[in-house]
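Only one structure is covered here, and it is reproduced in the block below.
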Amino acid sequence: MDMELRRISETSRSAIVLILLLCVHVAHSFYLPGVAPQDFEKGDELKVKVNKLTSIKTQLPYSYYSLPFCQPKKIVDSTENLGEVLRGDRIENAPYSFKMREAQMCNVLCRVTLDEKTAKAFKEKIDDEYRVNMILDNLPLVNPVDRGLGSPDVVYQIGYHVGLKGQYAGSKEQKFFMHNHLAFTVRYHRDVQTDSARIVGFEVKPYSIKHEYDGKWSEKTRLTTCDPHTKRLVVSSLTPQEVEPKKEIIFTYDVDFQESEVKWASRWDAYLLMNDNQIHWFSIVNSLMIVLFLSGMVAMIMLRTLYRDISRYNELETQEEAQEETGWKLVHGDVFRIPTNSDLLCVYVGTGVQCLGMVFVTMIFAVLGFLSPSNRGGLMTAMLLLWVFMGLFAGYASSRLYKMFKGTEWKKIAFRTAFLFPAVVSSIFFVLNALIWGQKSSGAVPFGTMFALIFLWFGISVPLVFVGAYLGFKKPAVDDPVKTNKIPRQIPEQAWYMNPVFSILIGGILPFGAVFIELFFILTSIWLNQFYYIFGFLFLVFVILIVTCAEITVVLCYFQLCSEDYRWWWRSYLTSGSSALYLFLYAAFYFHTKLQITKLVSAMLYFGYMLIASCAFFVLTGTIGFYACLWFTRLIYSSVKID
């Protein structure tokens, strides 16, 4: 017997080892679509691409060639996904010529003479602190900057500034200077066996230099300010290139290749370690610990109080004792009375289910690594497509609730669910898009993309909502655990702290407290052009948000029923949903304290998009609170004896 057990144990161990080896092999051979590594031999051509010009002061992206930079013979647009287009990305080929592991010095790109219009365009972009973005082998260009304060570490800023403002020594007049010389550094990891290499870094140091040359300009003219033959290289901006009409600007660049120990799989680490992670992690853990502690306290109090109430109610035997009862059992004949505007509540709940499903599945994909920053536009594309397909669950949830409210016209409720929230969001989006069009920004959504969005809404989402509503309405209605009286019970005068507005506003504080620290990093990644990547922690915060919304709503619902107020349907939705108000107020606080936006259009864009985000947060948190309260009321009223 022992021998057989040993054999089985050894066989099991062998099987486990084999499975682990297979998993390791699969892990090494699996790459996400579009982001697989590419090997380059010495001398291979490297394709540099230019992306949009961005500014944290205006939040309005522009195409690279909207400024009179040097252009290739033919400008070719790269294929972009839906998310990239909505982000304002415009990826095009660049005139730079790189060859793998072949350094180049003082390459002249082109010579441009400015007129009034082009000089004004450059000055405006420099004044608004626009940055140039480029891409090489799917890696964004970064500018390494010393952290300062004696620290040896560097901070990687995405892109480089178009130019800078300054004054000449002894002058107070403000001048604009162009970064017309770029010193690129391409870092690569070499395979010792094959001698092929993979790109693991793409850096730049921009300089402003007034190039000089002898004689008349021609294609073969040698610069006296930058000449590899005389070993004169650009290492500073002591004689900067001024931006003025009729000024001549010569654009040049260097390319240096440096071998790196960083492997291809870890090449994004430098981009993702831009902030002080210690503070980030401490803040998140601190927030989660506080929320978990509060949630544990709330759960313990609720369980003990409810257990005592249910035991006491079930022990009441005589009619006289039953008449003397107080608390939530008194309103059993009214607690499931159909609320006012029940149709609208059904629509809001269905929309909340759609948002909740979209966010949950997006989080799962993000945690698994499918939506990493290397997959540009992937996050937004995934969210849009998931929103569309979650229409099935939106229709199902709204029609199920509608049938519970004794409704009969399921098509009407499906129509409202399919159009109410998307119509509000689309209206705000179209107004904002019109403002962006007016600024001639590349962030404006093209007509082709607009048509694709409308098709996703009308062609896929709306039919799925109707299918879901049909399936939900076909199922038998959910029966209430207690009968509803024909005559509504009179609600006694409530204490000041049970005032609906006060209790609703108080209820939104705790859910907002669960996410506000993480919200800071999310807003920073969106509006300050930084990467967000800690999706594991974000998923944990999302779970805590769900628990917190559910618990705070159940607690306040319990207090409301104990004070003999049975109008809990809408209040349960608004209690947790009110956290969206705090989110919008925090967005306003962030705008005034962290952003440098001065233009009216840019401010309207910020608050418009944050209003859309707050609306989505409202229906999401409100739906969580509603379903928690529905489950709670059905549970407690089905647990007591009702005569």
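Positions of Cβ are set from backbone N, Cα and C atoms, glycine also.
Database features (TrEMBL):
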type	residues	note
SIGNAL	1-29	signal peptide
TRANSMEM	281-303	transmembrane segment
TRANSMEM	345-371	transmembrane segment
TRANSMEM	377-397	transmembrane segment
TRANSMEM	418-438	transmembrane segment
TRANSMEM	450-473	transmembrane segment
TRANSMEM	494-527	transmembrane segment
TRANSMEM	533-561	transmembrane segment
TRANSMEM	573-591	transmembrane segment
TRANSMEM	603-632	transmembrane segment
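Residues 59-60, 345, 348-349, 351-353, 355-356, 359, 421, 424-425, 428-429, 431-432, 435-436, 507-508, 511, 527, 545-546, 549-554, 557-558, 568-569, 572-577, 579-581, 583-584, 587-588, 591, 595, 597 of the same chain, all 6+ positions outside the transmembrane segment (603-632), place their C-beta atoms under 8 angstroms from a C-beta of that stretch. Beyond its flanks by at least six residues, the transmembrane segment (494-527) meets 56, 59, 275, 280, 283-284, 286-288, 290-291, 294, 534, 537-538, 541, 544-545, 548-549, 552-553, 556, 559-560, 563, 565, 571, 574-583, 586-587, 590, 594-595, 606, 621, 625 of its own chain at Cβ-Cβ distances under 8 Å. Proximity of distant same-chain residues to the transmembrane segment (450-473), defined by a Cβ-Cβ separation under 8 Å and at least 6 residues beyond the stretch ends, is recorded for 82, 350, 384-385, 387-389, 391-400, 402-403, 410-411, 413-414, 417-419, 422, 426, 433.
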